Structures are given as structure tokens and as C-alpha cells.
Amino acid sequence: MTRKVKAAIIGSGNIGTDLMIKILRHGQHIEMGAMVGIDPASDGLARAQRMGVAITHEGVEGLTRLPVFNEIDVVFDATSAGAHVKNEALLRERKPGLRMIDLTPAAIGPYCIPVVNGDDHLDATNVNMVTCGGQATIPMVAAVSRVAKVHYAEIIASISSKSAGPGTRANIDEFTETTSKAIEVVGGAAKGKAIIVLNPAEPPLMMRDTVYTLSDFADIDQIEESVQRMADAVQAYVPGYRLKQRVQFDRIEADCPIRIPGVGDRMNGLKTSIFLEVEGAAHYLPAYAGNLDIMTSAALRTAEKLAERLLASLVA
């Protein structure tokens with residue numbers, strides 16, 4: 001039987017529960033060790049228990065008291081930015097070698113977008129998965145960046161209000177700050193801006209994302225081809241990820257410049273507009289929750305690579 005790395009998930013809400021189901025169904029080098037929550041009545045803990053996963057409703061302290069804790073090598077944190085700082089400190093003290101995959105906007109460790117820099121931080125003890133909006137849009141910014149210098153990138157992530165749990169709602173400010181920074185650090189834009197919209201529409205709408213970039217003038221065919229290749233790469237682990245329509249281009253000439261607050265008063269260049277839709281796999285919430293699916297799929301993709309590295313080191 002193939003050896004697997006045991007993982008614990010902190011946070012038994014929407015994201016944590018969806019991730020658990022993905023690991024149980026599709027984990028190749030990762031297997032569930034424990035599900036951690038703070039609400040003994042949470043649906044996530046109840047599901048985990050029914051599926052034979054060790055549980056605790058006593059938070060990370062409870063995790064350290066579980067017999068399986070000694071076997072845990074990877075911990076996913078699907079709580080909140082503030083909670084992750086405390087969880088990281090406590091677990092790092094108890095088990096310094098733990099690998100933590102942070103699904104909150106805390107960003108203690110380096111940003112990780114699997115299709116852009118997924119192999120760059122496999123030895124880091126803590127990696128940050130940015131945000132759902134970041135996972136959907138930063139690959140597109142990077143796709144433009146590898147063709148032309150991007151001076152400014154702005155993303156708007158629209159998600160169904162029903163798919164946003166208390167953790168997401170508590171982290172709106174952190175969402176915009178972390179995503180904006182990652183657009184620059186990982187996406188390659190000189191300046192980034194992120195906006196999130198919680199859409200209350202009924203029936204719930206799928207996740208929609210819009211990406212605008214202002215870059216140096218470049219061959220639009222090359223940009224379009226780069227964007228399509230990147231979309232295909234994301235689709236390899238998020239099947240519901242797709243371009244909603246063809247990429248649009250506008251030339252902003254020097255004799256008719258635009259003003260971008262905080263960036264420049266007389267900007268010109270090539271404006272690229274990319275429109276995305278993310279349909280979820282419906283492992284936990286229905287298919288409209290693509291924001292859930294892209295975040296947990298990216299986290300699992302990252303964990304599989306970390307696990308491969310850990311298992312290879314044991315063999316060596």
C-alpha cells in the first residue's frame with residue numbers, strides 16, 4: 001500500500017469540510033488524520049466523525065491531545081487570519097517541523113498559487129494560499145505579465161453570499177489587502193487592487209471574476225494565447241474554471257491617457273480585460289460555490305506536492 005502523509009484540518013466550516021471531503025475522495029499522497037473545530041454541534045465535525053476521522057471541538061489545544069497528533073505532518077488552517085497567527089505559534093511550539101498550509105489571509109508564510117509558483121516554496125514550513133479571489137485571478141495577471149510589463153492590475157471577485165461563511169465575512173479587509181499584495185508579488189503587477197462582492201442573488205450565482213490589467217503595448221495574440229494556456233493549467237485541478245468570454249483589449253494612447261489613483265495621472269498602454277467563471281465540484285456546498293472549490297483544490301494541490309517531497313526525503 002502506498003504510504004501517505006497524515007493531515008489535520010483546523011476549521012470545520014465550509015472550507016474545512018469541503019477540503020476534508022476532497023482529501024478523503026481524491027488524496028493521493030495525503031490522508032485525513034483529524035478534523036478540528038470549536039463548535040461541538042458543527043456539521044463539519046459530525047461529517048468527519050461519520051467518515052471515521054478523529055475529531056475535537058477543543059481547537060488546536062484539543063488537536064495536540066489527540067493520539068493521532070504524533071503522526072500529523074501537515075496542518076491546513078481554514079479558520080481566520082487572526083486565529084491562524086495563534087494556531088501557528090502554538091503548533092510550532094509543540095511540533096516545530098509541522099508543515100502548515102494557510103487558507104486564511106494571514107500570510108505568515110510566502111504566497112502560493114500552484115500554477116504560478118507552486119514549486120517555489122516546497123521547503124517552507126508555512127505557505128499561504130492567498131484567497132479564493134486570488135487563486136482565481138492571479139494566474140491571469142501572471143499570464144499577462146509573462147508577455148508584457150504590467151503596471152496595474154485590478155480584480156473583482158463576486159461570490160454568492162450563501163457560500164461565504166463567518167470566517168470569510170470576518171476577513172473582508174484582510175482579503176483585499178492580501179490579494180492586492182499577492183497580485184504584485186506573484187502576479188507580477190507593479191500595483192495591485194482587489195475588490196470582493198458578496199452577491200445576495202437568489203438563486204445563488206456562480207463565482208465570477210473580472211481581471212483588468214494595464215501593461216506596456218504588446219502582441220494581443222500572444223497575450224490571448226498565454227491567458228488560454230494559464231486557464232488550461234488551472235483547469236487541471238479546478239475543472240469548473242473557465243474563461244467566460246474572449247479576452248478583450250483596448251489601446252490607451254498617450255494622447256488620451258487615463259488616471260489611476262495611487263499609480264499615475266497620465267497612464268497609457270494596453271488594457272486587457274479577462275472574464276472568468278468558477279463552477280464548484282459540489283463536494284460540500286452546491287456548484288455555485290466555486291470560490292470554495294478553487295481554494296480547497298489549490299490547497300490540496302499544494303499539499304500533494306509537499307507530501308511528495310516529504311515522502312521522497314524519507315526514502316532517501
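In case you wondered, yes, glycine gets a Cβ from its N, Cα and C as well.
Marked as active site, acyl-thioester intermediate by Swiss-Prot: CYS132. Taken from Swiss-Prot, the feature NAD(+) binding site covers SER12, GLY13, ASN14, ILE15, SER163, ALA164, GLY165, PRO166, GLY167, THR168, ARG169, ALA170, ASN171, ASN291.
Cβ-based neighbour count (10 Å, all protein chains) for SER163 (NAD(+) binding site) stands at 25. Taking only the Cα positions, the spacing between ASN14 (NAD(+) binding site) and the residue listed as 'active site, acyl-thioester intermediate' is 13 angstrom. In the three-state DSSP assignment, the secondary structure recorded for GLY167 (NAD(+) binding site) is helix. In this structure the residues listed as binding NAD(+) are SER12, GLY13, ASN14, ILE15, SER163, ALA164, GLY165, PRO166, GLY167, THR168, ARG169, ALA170, ASN171, ASN291; their two most distant Cα atoms lie 17 Å apart. All protein chains included, SER12 (NAD(+) binding site) registers 27 other Cβ atoms within 10 Å of its own Cβ.
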